[in-house]
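K.L.:
Below are the structure tokens for one structure; questions will follow.
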Amino acid sequence: MRKTNVSHLVDHFNMTILSGEEGLGREITVTDLSRPGLQLAGYYSYFAEERIQLFGLTEINFFQTLTPEERLERMNFLMQSQVPCFCVTRNQMVPEEMIDVSNRLGVPVLQSPLATTTLVGKVTNFLENRLAPTTTIHGVLTDIYGVGVLIMGSSGIGKSEAALELVKRGHRLVADDAVEIKQTQGGQLSGSAPELIQHLLEIRGVGIINIMTMFGAGAVRNVKNIEMVVQLELWEPHKMYERLGLDEETLKIMDTEIPIITVPVRPGRNLAVIIEVAAMNFRLKRMGYNAAMHFTRKQSNAILEDADSDL
């Protein structure tokens, strides 16, 4: 399970540390946030202590109505051992009881100028990105007409050369050789390049080239959602390859199924153009037009018409 900690949250959102600074190393393991209104009212049967606790205008104003003894009681309960931190929105003033218990138990209290709803959205997106399951796959990720295409195949089969030709044709490179893939909670896969090899492409016989330096900033992008996979393999004469495109196969990456097509490689085939057309065909299918199904219907209608004319 991936983790992050409170200090990463503070740095990313430039939050103010009000108290409990010694707890900045506390781990954050879930993306959900909690607004502990019921617990402030004295309901202790359930408390999501693994979540970041958020105090907006409602929570602070209600907390102010409690007696000093009740405030201490509520804070001692809320600042349990697994609570990562407390975030106070809109730069509100924080009650002394919260500061005192925070310093005593080492639970950070952070302050942000953002509105509560805005902070919830931003922190949730940040945590989903930091805590998303990750894997690394050998391949090349490109952006072709807005479609994220992951090109896979054995070493030396021509993935990088195809990517170079695609860049020359106006498409964009995301990652070459190693593609880091993250899976969001919705099952979407996003790919990027490790920082060390970002924007770099290796061509056998030429060496390593920097795509952004050579072709400009418009030829690269840092992150792209993966929508289809193209598997390159050496042509096998006795193997049956898909010719109509009616049967759709998928590849499982982590828990997500991605459409995959297999393209046989042999001398004289322009791989870049084939991959480009595959991406355009994918877009057409997504828009509701399937050329293979359209052809099949026309063929079936023609057969029926011939059968009727013979009667």
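The first residue you see is number 1, and the count goes up from there.
Just so it is clear, glycine is given a Cβ too, placed from its N, Cα and C backbone atoms.
The structure displayed is predicted, hence computed values, not measured ones.
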K.L.:
Among the residue ranges 66-71, 264-269, I'd like the one that Swiss-Prot describes as region 'Important for the catalytic mechanism of dephosphorylation'.
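P.N.:
Going through 66-71, 264-269 one by one, Swiss-Prot flags 264-269 as region 'Important for the catalytic mechanism of dephosphorylation'.
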K.L.:
Other than Gly153, Ser154, Ser155, Gly156, Ile157, Gly158, Lys159, Ser160 themselves, what residues in this chain have Cβ atoms within 8 Å of the centroid of the ATP site's Cβ atoms?
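P.N.:
Here the non-site neighbours turn out to be Leu232.
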K.L.:
Out of the recorded positions listed (Gly158, Ser160, Asp177, Arg243), which are within 10 Å of Glu202 (Mg(2+) binding site), Cα to Cα?
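P.N.:
Final answer, ordered: Ser160, Asp177.
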K.L.:
Least buried of the binding-site residues Gly153, Gly156, Gly158, going by other Cβ atoms within 10 Å?
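P.N.:
Taking Gly153, Gly156, Gly158 as the binding-site residues, the minimal 10 Å Cβ count falls on Gly156.
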K.L.:
Near Ser160 (ATP binding site), which residues of its own chain have a C-beta under 8 A away, given they sit six or more steps off in sequence?
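P.N.:
Result: Val140, Asp176, Asp177, Leu201, Glu202, Ile203, Arg204.
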K.L.:
Measuring Cα to Cα, how many Å separate Gly153 (ATP binding site) from His138 (active site)?
P.N.:
8
K.L.:
Just give the helix, strand and coil counts over the region 'Important for the catalytic mechanism of dephosphorylation' (264-269), going by DSSP.
P.N.:
0 helix, 2 strand, 4 coil
